[in-house]
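Q: The feature substrate binding site is assigned by Swiss-Prot to Ser9, Thr44, Gln45, Asp222. The ATP binding site annotation in Swiss-Prot covers Asp111, Glu148, Lys181 and is backed by sequence analysis.
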Amino acid sequence: MKNVLSIQSHVVFGYAGNKSSTFPMQLSGIDVWALNTVQFSNHTQYGKWTGMVVPHQQIPEIADGIDAIGELKNCDAVLSGYIGSADQVAEIVKVSHLVKTRNAAALYLCDPVMGSAEKGCVVADGVREGLIDIALPQADIITPNLLELRELSGLRAENFEQAVIAAQHLLTKGPKTVIVKHLGSAGKYPGKFDMLLANREGVWCLSRPLYPFAKDPVGVGDLIAGLFLANLLNGKSEPEAFELTGNAVNDVMEITHKLNSYELQLIEARHAIMAPQNRYKAEKIA
């Protein structure tokens, strides 16, 4: 069994951060060591929430505790997502380094959540800069959305061709693999939910239906990052992991839409996560 140290947000109600990625990774046969960056009542896109940011010192303290009992060497990957403070960024990267000293084959997947005023996703000051300056160069895999792709690359990425160039540019910044979780307005196919995979072997696009939610559910990016990492650790090639992830997430979104839910319906979709319908193919474009 593979083990992932997942350093993300926790919400008591609903699904985002570790609540969105842990259960699907477990369904995929991965043991998840969840370390929370914040504990909130609910995700920030409700517009109001209660809770706290975890003190940044606790992140290395927890990792050191796992190391002290001799288990950190069994960690196969570090996954980071929503970060609660600028100080947490450096601590998370230090933890990824510690894990790699204990297991040289371990991966670091950074899901660079930067927030969006338009969507109501609130991220602390300094996190964006920390992700660009500290996390990006150290990540093996980076999984931005379109806005984050623009911020990380410094390129416009206003259309599909520009998004491909921006993703390829990120490969020169440190990561070996780039997943653009949602191309949005820069998608290849209008009216679809398009994702992109770029690595040194090529570029792939996967297009699936875009479901007409009254309010788009939160936590989809967390789900994508977690499932892609789980599929990789289960021995799939990157294009295979990308395709499996896209199909599993589509099934989750289809079920969530049918139930008219603002929160991801991961429990209802559990069987689909374990055995997704392989309806949508990853198209190699470069």
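Just so it is clear, glycine is given a Cβ too, placed from its N, Cα and C backbone atoms.
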Q: Check Ser9 (substrate binding site) against DSSP and tell me helix, strand or coil, would you?
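A: DSSP assigns Ser9 (substrate binding site) to strand.
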Q: Per residue, counting other C-beta atoms within 10 angstroms of the C-beta, which of the binding-site residues Ser9, Gln45 reaches the highest number?
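A: Of the binding-site residues Ser9, Gln45, the most buried by Cβ count within 10 Å is Ser9.
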Q: Out of Thr44, Glu148, which of these binding-site residues shows the lowest number of other CB atoms within 10 Å of its CB?
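A: It is Thr44 that, of the binding-site residues Thr44, Glu148, has the fewest other Cβ atoms within 10 Å.
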Q: For the substrate binding site, please report the maximum Cα-Cα distance among Ser9, Thr44, Gln45, Asp222 in Å.
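A: Spelled out: the longest distance between any two Cα atoms in Ser9, Thr44, Gln45, Asp222 is 15 Å.
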Q: So what sits near Asp222 (substrate binding site) in its own chain, CB-to-CB under 8 Å and at least six residues off in sequence?
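A: Within the chain, Asp222 (substrate binding site) has Cβ neighbours under 8 Å at Gln8, Ala16, Gly17, Asn18, Ser20, Ser21, Gly81, Tyr82, Asp111.
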Q: Cβ within 8 angstroms of the Cβ centroid of Ser9, Thr44, Gln45, Asp222: which residues besides those meet this for the substrate site?
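A: Neighbours found: Val11, Ala16, Gly17, Phe40, His43, Tyr82, Val113, Cys121, Val218, Gly219.
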Q: Expressed to the nearest Å, what is the distance separating Gln45 (substrate binding site) and Lys181 (ATP binding site) at their Cα atoms?
A: 19
Q: Long-range neighbours only, meaning 6 or more apart in sequence with Cβ under 8 Å: which ones does Lys181 (ATP binding site) have?
A: Thr143, Pro144, Asn145, Met195, Val220, Gly221, Ile224, Ala225
Q: With an 8 Å cut-off on Cβ distance to the Asp111, Glu148, Lys181 Cβ center, who else from the chain surrounds the ATP site?
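A: For the ATP site, the extra neighbours are Pro112, Val113, Ile142, Thr143, Pro144, Asn145, Ile179, Val180, Gly221, Ile224, Ala225.
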Q: Express in Å, rounded to the nearest integer, the largest CA to CA distance found among the ATP-binding residues Asp111, Glu148, Lys181 named in the record.
A: 10
